[in-house]
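Participant: Quick paste from TrEMBL:
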DOMAIN    B:2-297  domain 'Phosphofructokinase'
BINDING   B:GLY10  diphosphate binding site
BINDING   B:GLU103  Mg(2+) binding site
SITE      B:ASP104  site 'Important for catalytic activity and substrate specificity'
SITE      B:LYS124  site 'Important for catalytic activity'
BINDING   B:THR125, B:ILE126, B:ASP127, B:ARG162, B:MET169, B:GLY170, B:ARG171, B:GLU221, B:ARG265, B:HIS271, B:ILE272, B:GLN273, B:ARG274  substrate binding site
ACT_SITE  B:ASP127  active site, proton acceptor
There are 4 protein chains.
Amino acid sequence: MKVGVLTGGGDCPGLNAVIRSVVRKGVQEYGFDFVGVRDGWLGLLQDDVAPLDIPRVRGILPRGGTILGSSRTNPFKHEDGLRRVRRTLAAHGVDALVVIGGEDTLGVATELHRQGVPLVGVPKTIDNDVSGTDYTFGFDTAVGIATEAIDRLHTTAESHMRTLVVEVMGRHSGWIALHAGVAGGANVILVPERPFDIEQVCDQVRSRFKIRYAPIVVVAEGAAPRQGQTVLKDESLDEFGHVRLSGIGEWLAREIQQRTGHDARTTVLGHIQRGGTPSAFDRWLATRFGLHAIDAVRDGDFGVMVSLRGTRIVRVPLADATATKKVVDQPLCDEFGVFFG
Amino acid sequence: MKVGVLTGGGDCPGLNAVIRSVVRKGVQEYGFDFVGVRDGWLGLLQDDVAPLDIPRVRGILPRGGTILGSSRTNPFKHEDGLRRVRRTLAAHGVDALVVIGGEDTLGVATELHRQGVPLVGVPKTIDNDVSGTDYTFGFDTAVGIATEAIDRLHTTAESHMRTLVVEVMGRHSGWIALHAGVAGGANVILVPERPFDIEQVCDQVRSRFKIRYAPIVVVAEGAAPRQGQTVLKDESLDEFGHVRLSGIGEWLAREIQQRTGHDARTTVLGHIQRGGTPSAFDRWLATRFGLHAIDAVRDGDFGVMVSLRGTRIVRVPLADATATKKVVDQPLCDEFGVFFG
Amino acid sequence: MKVGVLTGGGDCPGLNAVIRSVVRKGVQEYGFDFVGVRDGWLGLLQDDVAPLDIPRVRGILPRGGTILGSSRTNPFKHEDGLRRVRRTLAAHGVDALVVIGGEDTLGVATELHRQGVPLVGVPKTIDNDVSGTDYTFGFDTAVGIATEAIDRLHTTAESHMRTLVVEVMGRHSGWIALHAGVAGGANVILVPERPFDIEQVCDQVRSRFKIRYAPIVVVAEGAAPRQGQTVLKDESLDEFGHVRLSGIGEWLAREIQQRTGHDARTTVLGHIQRGGTPSAFDRWLATRFGLHAIDAVRDGDFGVMVSLRGTRIVRVPLADATATKKVVDQPLCDEFGVFFG
Amino acid sequence: MKVGVLTGGGDCPGLNAVIRSVVRKGVQEYGFDFVGVRDGWLGLLQDDVAPLDIPRVRGILPRGGTILGSSRTNPFKHEDGLRRVRRTLAAHGVDALVVIGGEDTLGVATELHRQGVPLVGVPKTIDNDVSGTDYTFGFDTAVGIATEAIDRLHTTAESHMRTLVVEVMGRHSGWIALHAGVAGGANVILVPERPFDIEQVCDQVRSRFKIRYAPIVVVAEGAAPRQGQTVLKDESLDEFGHVRLSGIGEWLAREIQQRTGHDARTTVLGHIQRGGTPSAFDRWLATRFGLHAIDAVRDGDFGVMVSLRGTRIVRVPLADATATKKVVDQPLCDEFGVFFG
């Protein structure tokens, strides 16, 4: 049996750990052959694949990034994309795919599987917003980096008695903000799932200053004030259509400073949250995902995604997993009621 | 309502995070008063308790250790221990206890609850061997430290073409060895739950050298060779009755060196696995345990232990949780078959 | 003898280590008494001082920030500032001051000493731009944090084949940019001391892409393009007069993207460079500075600053040290010629 | 011109950084060709050399170990060793060598240079005991690891009120013990250069317990008690002639426990001090050493070693540098008088 492996979407610590365990178990236990697909779906469109074996995956467990490269290419947005994908798979005799990716990449996988391509999905995103799994790998690493940054900012906040706003990743979900905010001892945590009231935030800030402590505000990049409040406008996208690095965090610091009269500054953590060596938790999870993904391939159990449930790895239908995003829900926020504004 | 908080057993990153969230939520949401009990059960025997309030728990979230101190004292091993515990609780008007500890401390809590003392348990151990919860806090930190150490040892092993044996904590369970071994890319992982065959270990070592890579062997301090094989004897305890720091790891290096003819060295990680700032994962878990423990107190739901199940915190009967240790089972080991000797 | 200790200017890892060693040696070896001055010079203006003893400095060695608080207050900008400073010193019987600060704080110290106030200076700045000393404490920590960030960004740059611009601290000097850029393996390093040619930077970027590697550009916040080239204007200051977090780094990413046609992003490291626990190097240096500063006080050798020369701590006249900033000079840049654009 | 590069002796973070900067500058600025010699002097004895170019040194800056391998082989201990070295150099047309190593490797280099082999030395050792240079690379990384370990042990010591002994590397010199001990806030620091009095150590331990704090004792592996005191004997070497991992540290814990009646434990840091990614300081130093070493080759300035003096890299005669070890001297110890027993 010949198996293709591809990684799609944004950089995420643990991708290499999945590739490594898929290939090691596939070769050693099942005698499979492997090819690596370059740059996600792009490699299948452009017939850019290369053999993948155990020597090739040696030493990659602790390395960030992906040895296969990645892209955000969607084959269904190319005319005859599906045909080209099939042709590449046929040309190399690929019997099954292991697709490692986030919402977009797995959405494509879901559709390809419907069209008859035999594949198994592995969920990947630092944002932790894939349904059907307790956690995705990359998330723990991102939370760890953000928490360490918050730890460092505490001493600056205290020494200068100013508010420090920390903007973390999360356009659509607040998982990183919530976990890093709780772990870092933030005084206010703002997530996309719950529009915030800027005056409530300022009340929290003021009450912190009253006891002579400096507040830390953690905000997900996708968080937004309630309707009717001053809103980011043209600032939110830059001329290339990127969300600006300095969006909501800077707005918050400005508003807090003006409304409370206390100095406020912003730190935007940005890409450092998604690179570098994966945490032990993420290496463990990614390694297990890989081992179970290749088991599913051997079982001919296609159209599934491996996922974490408690301490066990299970298989769930890809279609279910990609139907909705997993968001920070109200009951979980309520747990931390005392910590929020 | 007045609530007492105590921490028992070995040092564990996250203890302070539990204390902090118990007190913050208890005071702010429920208006409870708190006292801290010094040095675990010893403080109840010796009437060593002191008020605990929000200013006292400020800034302790990232700190290792416990502001309350700890001990391994068991009140049931003291004549009239139970009576003295009751007297201390009565003298300070303590209505309920939050008991943060491992197997021994929670075992005492189980018995005290049977005797009518109202209390709620919080599981704590870097060893992760408490039943009834997916994970205990402290474990992720210990695994992270051990994994980072293994990462460092890889380069030494490769540069000198020698076997490096890493002895990690775990007298009765192999959780740290298994997780850190998998995350660190070890070639052999030895756990107390599965007696090993020294010749199989050496075979793994030899096959690694054949491809010109240097092997890393991770061994839990409680792992042991199969019956009939050369065994540690008088070496295993020192004159004070401690398990010697340099037990199984050194024995292994010696055997591997003699049997394979390749140089082998041991590193015993020791206490650095249990101290210092908790990981973000452990701070999150410990904080949630604290929040749920004080909820159980408010509900008058005594005799329970808070525990992690998937992503949710639930309550389980203390008696169930302390009945058996959680061990590394065969199916989980089998998952990683390709990585073991 | 009674000695006052104060810390002025921005947060800097190692301040507490100096305070601790000054007090420990002063009390234990010389039998001095100590007072701590709150919030830099402000505490002397407002008579905000408090006793400082060994129990007060226990456990602060690894902590960022300063237990004394800090400010940027300049007593010479207050009418009768000098008189109020003298009055506070007299009221508390302070015989000498240990002044820990950067360029501004030490500038004030230089003038106060001229006016007859007996004091010893200790240089502090993460920017490393104080003359007369090989290094200042705080710098090594900042460089370490920036280097770790660059390590993380490499994997993202490679996985997505985009330019990553990292903006580090340094308004007037490029020490952090140079050290972290070299240590992080940056492809272009831009410092305030050398205006850059944006087209040369883009040439470097292009040559990196040609060999299919993604470029990392490290830029000090105070770096600027050569005269005549497109310049930051109203963007450079925000409405509060702060230098915007997103100044030169964002401008660079925009220019590089437009000129090379390759995707480019910016990460602004910001305040995480100045907080948190000091590195071992900084703790060592700060501790020694403290020990030598109190020796100078005992010797009655006032108006000096302790400084590092090779591996020795020496005393230099404060007036010399504060006369000019230490900048990244041409010969040092030339050493790294191959790494620059 | 063709230049050979070799690394000898123990693993040390920063070796790859030297190799990288030697090759990059040599190729890009001077147009040199390079060969890498495998496994130190062994590669010259066995004619094991291979071409080395810029693609080969990409991405190695942050990696521990050495891509060239290392050994402790001494060609002068082999009959006709010198002849074989010369033959290998001639066979590959090697015009000059860059030799990266510690005392032993540089001692061989000194002798080879006397015999007419054109070479430049680069000092390397985590022990920092090479004369003629302020610091060697690898040392800062080792001190950082040891300091972080001591930070972690503080919380365990405090929580359990026991003495923790930390044994760090340093058979002949106490640099790591001194720096990490000072940076980690140890209460007693024991170095090979100063035989200690076990009763004085115990006095320090007792005085620490008196104020209810737990002592940390940092001891270099080569430290020893004063003559006449109970001494390690047969314990000090194991059956393979290794110095046992658990020598002086365990002896100390045993003595302290018996003499003071307080619980004491040992942690032996071992090999984790010498592996893994180099600190920013070490990458900076190693990179500069490499750049200056290849400059010396270009200048035909052979028989020298590059060395750090203050902030400058200079050249010193190899013969001077290898004549004596650099030890921790009395004046430096006296600086920290208050911290020692």
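Glycine is no exception: its Cβ is also placed from the backbone N, Cα and C atoms.
Heads up, TrEMBL stuff is auto-annotated, nobody curated it.
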Participant: Between B:GLU103 (Mg(2+) binding site) and B:ASP127 (substrate binding site), find the distance joining the two CA atoms and give it rounded to the nearest Å.
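Facilitator: Just about 10 Å between their Cα atoms.
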Participant: Quick one, of the recorded positions B:LYS124, B:ARG171, B:ARG265, B:ARG274, which Cβ has the fewest other Cβ within 10 Å?
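Facilitator: Each of the recorded positions B:LYS124, B:ARG171, B:ARG265, B:ARG274 was scored; lowest Cβ tally within 10 Å is B:ARG171.
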Participant: Select from B:ASP104, B:ARG171, B:ILE272, B:ARG274 the recorded positions whose C-beta atom falls under 8 Å of at least one C-beta in chain D, and return them in sequence order or as 'none'.
Facilitator: B:ILE272, B:ARG274
Participant: For B:MET169 (substrate binding site), which residues of its chain lie six or more apart in sequence with Cβ-Cβ distance below 8 Å?
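Facilitator: In sequence order, B:ILE126, B:ASP127, B:ALA142, B:ILE176, B:ALA220, B:GLU221, B:LEU269, B:GLY270, B:GLN273, B:ARG274 meet the Cβ cut-off.
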Participant: Take the C-alpha atoms of B:ILE272 (substrate binding site) and B:GLY10 (diphosphate binding site) and report the distance between them in angstrom, rounded.
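Facilitator: Cα of B:ILE272 (substrate binding site) to Cα of B:GLY10 (diphosphate binding site) measures 13 Å after rounding.
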Participant: Tell me, how many other CB atoms lie within 10 A of the CB of the residue listed as 'diphosphate binding site', whichever protein chain they belong to?
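Facilitator: 21, counting other Cβ atoms within 10 Å of the residue listed as 'diphosphate binding site'.
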Participant: Do me a favour and check the Cα-Cα span between B:ASP104 (site 'Important for catalytic activity and substrate specificity') and B:THR125 (substrate binding site); whole Å is fine.
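Facilitator: On Cα coordinates alone, these residues lie 11 Å apart.
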Participant: Three states by DSSP: which one describes B:ASP127 (substrate binding site)?
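Facilitator: Once the DSSP labels are grouped into three classes, B:ASP127 (substrate binding site) ends up as coil.
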Participant: Within 10 Å of the Cβ of the residue listed as 'Mg(2+) binding site', how many other Cβ atoms can be counted across all chains shown?
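Facilitator: For the residue listed as 'Mg(2+) binding site', the 10 Å Cβ neighbour count is 21.
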Participant: For B:THR125 (substrate binding site), which residues of its chain lie six or more apart in sequence with Cβ-Cβ distance below 8 Å?
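Facilitator: Sequence-distant Cβ neighbours: B:GLY9, B:GLY10, B:CYS12, B:GLY102, B:GLU103, B:THR136, B:GLY138, B:PHE139.
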Participant: Need one number for the substrate-binding residues B:THR125, B:ILE126, B:ASP127, B:ARG162, B:MET169, B:GLY170, B:ARG171, B:GLU221, B:ARG265, B:HIS271, B:ILE272, B:GLN273, B:ARG274: the maximum pairwise CA distance in Å, whole number please.
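Facilitator: Result: 33 Å between the two most distant Cα atoms.
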Participant: Taking only the Cα atoms, work out how far B:ARG265 (substrate binding site) lies from B:LYS124 (site 'Important for catalytic activity'), in Å, as a whole number.
Facilitator: 32
Participant: Can you give me the Cα-Cα distance between B:LYS124 (site 'Important for catalytic activity') and B:ARG171 (substrate binding site) in Å, rounded to a whole number?
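Facilitator: So the alpha carbons of B:LYS124 (site 'Important for catalytic activity') and B:ARG171 (substrate binding site) sit roughly 16 Å from each other.
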Participant: DSSP three-state call for B:ILE272 (substrate binding site): helix, strand or coil?
Facilitator: helix
Participant: With a 10 Å radius around each C-beta, find which of these recorded positions (B:ASP104, B:ASP127) has the fewest other C-beta atoms nearby.
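Facilitator: B:ASP104, out of the recorded positions B:ASP104, B:ASP127, has the fewest neighbouring Cβ atoms within 10 Å.
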Participant: Taking 10 A as the limit, how many CB atoms besides its own sit near the CB of B:ILE272 (substrate binding site)?
Facilitator: 24
Participant: Average the pLDDT scores across the domain 'Phosphofructokinase' (B:2-297) and report the rounded value.
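Facilitator: 91, rounded to a whole number.
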Participant: Helix, strand or coil at B:ARG265 (substrate binding site), per DSSP?
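Facilitator: Where B:ARG265 (substrate binding site) sits, the three-state DSSP reduction gives strand.
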